[in-house]
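Only one structure is covered here, and it is reproduced in the block below.
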Amino acid sequence: MARSMSFCIFIALLAFAPICFSFKNNNGNLYPQYYYKSCPKAQEIVKSVVAKAVAKEARMAASLLRLHFHDCFVKGCDASLLLDSSRGIVTEKGSNPNKNSARGFEVLDDIKSALEKECPQTVSCADILALAARDSTVLAGGPSWEVPLGRRDSRSASLSGSNNNIPAPNNTFNSILSKFQRQGLDLVDLVALSGSHTIGNSRCTSFRQRLYNQSGNNKPDSTLDQSYAAQLRNRCPKSGGDQNLFFLDFVSPTKFDNSYFKLLLASKGLLNSDQVLATKSQASLALVKQYAENNALFFDHFAKSMVKMGNISPLTGSNGEIRKNCRKINSS
């Protein structure tokens, strides 16, 4: 009887083992249940504020997703992007990739304010960015994933890191890939995460050279569909109109799907950094074709790559801090 009872207890413990073991990911510090006890409503609060913001302006989903990407590629996922300039800090918001384009900071302020009321100085701004990116993707019709949590916020920013580490619209394929590899990401991550351009907009200034002078010979980019180029020139002249906005995916600009990859195969990628995925690497082109044919595969790879990107050099333990205000470090 005693042996039977011991066996039953052993089996019962095994049943609970996966739950216990799932609390840690490969990073060893981040795990989805991080706030279950300290702030049980954290994810619900983030989702609610993001949902209201996206309902008010569909474009906000892409803006919030982009902020997480631009944060992680500079010093890791530590919310350094959210810091305003102050004594000793030069904001990353003024870098070439972010100036006049990074947006959604007010939404993050609203999320932080709500979280501070619910559980003061508990949820980091870095984790808010990661959760808002996931929720934005889902609200736009994309995949969901469990977000590993437990990041802490940096006490510094890096303007030079923002200028140098974030891929630019006119970078070559090799330059873009090397910037991903520098972060521990690979070709699959590059192509899958580029699929986030299935939603959102880009400015005329980001692709003008493709329309008029791609290679310094006063000719348009030969890899750009010429009828599409003609349409773009209507609102993106040789000079002026720098801030005019264009859909990155004109087929379904607010729906997260695989039409972005279908456009690349039709030579209708808006940015040079988009189109090179289909023209400069056979391995990259193979992935573009796979995602264009299989939306479920794209969703699966995108979700996995987002988790991987979210694990870039997080501050954990006693490193960094939990900011009270995402725009400034706590006073000492």
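Heads up, the Cβ atoms here are built off N, Cα and C, so glycines get one too.
Candidates considered were Cys119, Cys125, Cys204; the recorded disulfide partner of Cys326 in TrEMBL is Cys125. Candidates considered were Cys119, Cys204; TrEMBL assigns the disulfide partner of Cys236 as Cys204.
For Pro167 (substrate binding site), the Cβ neighbour count at a 10 Å cut-off comes to 19, with all displayed protein chains included.
In terms of C-alpha distance, the listed recorded positions Arg66, Thr198, Asp249 place Arg66 closest to Pro167 (substrate binding site). Take the binding-site residues Asp249, Asp257: by the count of other Cβ atoms within 10 Å of each Cβ, the lowest one is Asp257.
Taking a C-beta cut-off of under 8 Å and a sequence gap of six or more, Arg66 (site 'Transition state stabilizer') has these contacts in its own chain: Ala102, Gly104, Ser196, Gly200. Report note: the Ca(2+) 2 site is defined by Thr198, Asp249, Asp257, and the residues of the same chain whose CB lies within 8 Å of the CB centroid of those residues, excluding them, are Gly195, His197, Ile199, Val251, Ser252, Pro253, Lys255, Phe256, Asn258, Ser259, Tyr260.
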